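*Asks:* Sequence annotations record features per position, and here Swiss-Prot assigns ubiquitin cross-link to 50, 172, 173, 188, 190, 203, 206, 207, 214 based on similarity to another entry. As annotated by Swiss-Prot, domain 'GST C-terminal' applies to 153-309. Annotation source Swiss-Prot lists N6-acetyllysine at 203, citing similarity to another entry. The transmembrane segment annotation in Swiss-Prot covers 292-312, 320-340 and is backed by sequence analysis. Positions annotated as region 'Required for mitochondrial localization' by Swiss-Prot: 320-358.
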């Protein structure tokens, strides 16, 4: 595996080939605040699979670096590596995990196709996965006036908004510096430009937020059905039945992201959609969810400090030695904590020219 990663960095194309070997450990390239990455990480936790995780920092534009673009020409996280197989895009990764690890010790998150629950789970999974989460995310940054109680600090929102325009020029520069990846960089540049034209359109954002409410109405009705089907002494059900399924993965991570963006009160606050509110509160207490995603909405712990540590480690001279480097990291962590409300995030983001969040 190490050899294959060296090849990726050297420009040798990576191939997806051969049957999956369940004995080979999984490697996941992800970013903590990536919505798609969060779904994959929750699935891995629910299935109790051993996985080596590597952060690909979006604030530091590591997903645009040549080695990663050779791993996934779209330049997007997550990416799963399993032996000789490289799987990109969250839905494909989740399907791969569900279809590959079939032993009795590994929990199944999708009912058998002949089961009465299969159509229900498949419907809600597809419905929830069709939501334009990237548009909600970018939209709340570009139009924070549409959010309430957003967990993204105001200074970070301002900083990110001012840097979004730099992404195109960064990709153009990388395309010029890496001729073998020029086509991939140009394609990503075009996709990003097209997205931003929509995401900066406040009418479009209001439209998709209204459509989101219709989807959540369906979910609320389905949760009510589960409550009516369950005897008082029975186990509390999930979205499609007694078992936690891929539909629940999609719903749980969606609600957590909406809470982070500042769309919770609009969609399940003040007694609106009470079943949805109860469901989300229950999800927060689920052991696997709490382990994987319990801290991600705290931007200090999940983004600012890890980025600070990464920058400090990269910039610390090798002659300092490991002990002093660790001391610097601890000191920076304390410094970050004390100055978080005084715009530490802006300082960290400013350490690298032209960062982007896409």
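Backbone N, Cα and C define each Cβ position, glycine as well.
Would you situate these features in the structure and describe their surroundings?
*Replies:* A 10 Å cutoff on Cβ-Cβ distances gives residue 50 (ubiquitin cross-link) a total of 7 other Cβ atoms nearby, all chains included.
When pLDDT is averaged over the domain 'GST C-terminal' (153-309), the result is 91.
In sequence order, 185, 189 are the residues near residue 172 (ubiquitin cross-link), counting only same-chain partners six or more apart with C-beta under 8 A.
Using a 10 Å Cβ-Cβ cutoff, residue 173 (ubiquitin cross-link) registers 13 neighbours.
Other C-beta atoms found within 10 angstroms of the C-beta of residue 188 (ubiquitin cross-link) number 24, with every protein chain shown included. DSSP assigns residue 188 (ubiquitin cross-link) to a helix in the three-state reduction.
Counting every protein chain shown, 12 other Cβ atoms lie within 10 Å of the Cβ of residue 190 (ubiquitin cross-link).
For residue 203 (ubiquitin cross-link), no same-chain residue 6+ apart in sequence has a C-beta under 8 angstroms from its C-beta.
Residue 203 (ubiquitin cross-link) carries a helical DSSP state (H, G or I).
Under a cutoff of 8 A between CB atoms, and with a sequence separation of 6+ in the same chain, residue 207 (ubiquitin cross-link) has no neighbours.
Of all Cβ atoms in the shown protein chains, 8 besides its own fall within 10 Å of the Cβ of residue 214 (ubiquitin cross-link). Look at residue 214 (ubiquitin cross-link): DSSP puts it in a helix.
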*Asks:* Determine, using Cα-Cα distances only, which of these recorded sites is closest to residue 50 (ubiquitin cross-link): 173, 188, 190, 206.
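*Replies:* That would be 188, nearest by Cα distance.
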*Asks:* At the Cα level, what's the spacing in Å between residue 206 (ubiquitin cross-link) and residue 214 (ubiquitin cross-link), rounded?
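*Replies:* Between the Cα atoms of residue 206 (ubiquitin cross-link) and residue 214 (ubiquitin cross-link), the distance comes to 13 Å.
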*Asks:* Quick one: Cα separation, residue 188 (ubiquitin cross-link) versus residue 173 (ubiquitin cross-link), in Å?
*Replies:* 13
*Asks:* Once the DSSP letters are reduced so that anything not helix or strand counts as coil, what is residue 50 (ubiquitin cross-link)?
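*Replies:* Once the DSSP labels are grouped into three classes, residue 50 (ubiquitin cross-link) ends up as coil.
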*Asks:* Across all the protein chains here, work out how many other Cβ atoms are within 10 Å of the Cβ of residue 206 (ubiquitin cross-link).
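*Replies:* The Cβ of residue 206 (ubiquitin cross-link) has 13 Cβ neighbours within 10 Å.
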